[in-house]
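J.: Before we start, here is the structure in question, set down as structure tokens.
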Amino acid sequence: MASEKHFKYVILGGGVAAGYAAREFAKQGVKPGELAIISKEAVAPYERPALSKGYLFPQNAARLPGFHVCVGSGGERLLPEWYSEKGIELILSTEIVKADLASKTLTSAVGATFTYEILIIATGSSVIKLSDFGTQGADSNNILYLREVDDADKLVAAIQAKKGGKAVIVGGGYIGLELSAALKINDFDVTMVFPEPWCMPRLFTADIAAFYESYYTNKGVKIVKGTVAVGFDADANGDVTAVNLKNGSVLEADIVVVGVGGRPLTTLFKGQVAEEKGGIKTDAFFETSVPGVYAVGDVATFPMKMYNELRRVEHVDHARKSAEQAVKAIKGKESGESVVEYDYLPYFYSRSFDLGWQFYGDNVGDTILFGDSDPTSAKPKFGSYWIKDGKVLGAFLEGGSPDENKAIAKVAKTQPPVANIEELKKEGLQFASKI
């Protein structure tokens, strides 16, 4: 008979959100044995962004236990011992294959069952694989993805095995840009391929993208736009040797890294909870349509108060904050204390080579570009504002200081009126500093 365990609270998923939720439970007061984290990964929760950045450095690379949560936000590092000391059970390397919300039961791949009173769904996303589309040769060796530490270890091993070789990066989003830089720093010959007219099209304007594309080109990264990978060639050992593109060209490759997005992991809950916009629908406290079941991070579609609409956000900042909000709401319900509704200011950032940008707010409306966006400058510093209905709704800054980044965040939060767009262009960062 497979084992059954009961907990008052269960967090399903072992990523960033799980770690920040555990810290909030400890802060609010949780008794030993009340809380469990069930994760299919073999390690305690860690800061996932390190995998596409410091983990791949050729020197002084980041390794666990160095980047367990909550170091990414300047907090204490929660090692496995921390969970034991708090009486929080870490149930690792455990895949849940069935969730029955009516009977409050989770079943693992080996038939173990876990029952709970309150569930936090923090399952995150899975990477979209080219094999999902039946791309020919997509299961060849050294075609890699990046989501978990295991994936990063495979990539590091491939980087070492194929030293100085040719890398093709499929995808022009965050992962594409960060990994192209990482492979270049590791002395690979790097080509980036994506179907859109410019990189990071969901956020960047053509002007912003032009800077990064030129900067990368100057660093020796080749960029192929407007086409996709339709197949891969492999040698007798099954190792990838080339990428065939839809435009007819063929790129030699020793390593291929694919970053074409993720899918929220909601399958276990299909038909049991209300869904919207590809995620599990929640209220401002991250409670779902099923009382006592909460969803946080990538999987949650929640009311974004600032813009008065339901949104789903895939970003580490929201994973941290939504997890904390859900725990505050759970504990608030128990103690009868009211909790403030989640009021999230969208925030995205990235770092690659010597660059680092931040974006706050909403990228809708007309845009202006200000500052020095010359990719050959020693220290480029430039930004953009998004203006709609006479107000600034979004702000982007490359190369900003901590104070300057705070200033653009304040602009996005307060949405100041703009009388004259030409004036705003001239003022640039000064406009933000005055708010």
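Every residue, even glycine, has its Cβ placed from backbone N, Cα and C.
Computed from a predicted structure; not experimentally measured.
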J.: Going by Swiss-Prot, GLY14, GLY15, VAL16, ALA17, GLU41, ARG48, LYS53, ILE96, ARG147, GLU148, ASP298, TYR349 bind FAD; tell me which of VAL110, VAL316, VAL364 is listed for that site too.
T.: VAL316
J.: Out of GLY111, GLY261, GLY399, GLY400, which does Swiss-Prot tie to the same NAD(+) site as GLY172, GLY173, TYR174, ILE175, GLY176, LEU177, GLU178, GLU196, ARG202, GLU314, HIS315, TYR349?
T.: GLY261
J.: Given the binding-site residues TYR174, GLY176, GLU178, GLU314, ARG351, tell me which ones have a C-alpha lying within 10 Å of the C-alpha of VAL16 (FAD binding site).
T.: none
J.: In sequence order, which residues at least six apart in the same chain have a CB under 8 Å from the CB of ASP298 (FAD binding site)?
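T.: Spatial neighbours, sequence-distant, of ASP298 (FAD binding site): THR123, GLY124, SER125, GLY262, PRO264, LEU265, GLY279, ARG312, VAL313, GLU314, ALA319.
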J.: Rank aside, I only need the closest one: which of the binding-site residues GLU41, ARG147, ARG351 has its C-alpha nearest to that of GLY261 (NADP(+) binding site)?
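T.: Going through GLU41, ARG147, ARG351 one by one, the closest to GLY261 (NADP(+) binding site) is ARG147.
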J.: Out of the binding-site residues GLY14, LYS53, ARG147, TYR349, give me the one sitting nearest to ARG202 (NAD(+) binding site) by CA distance.
T.: TYR349
J.: Out of GLY176, GLU178, HIS315, ARG320, ARG351, the binding-site residues in the record, which is closest to GLY14 (FAD binding site) when you go by Cα distance?
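T.: Considering only the listed binding-site residues, the nearest one is ARG320.
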J.: Mind giving me a neighbour count for GLU314 (NAD(+) binding site)? Other Cβ atoms within 10 Å of its Cβ, every protein chain shown.
T.: 17
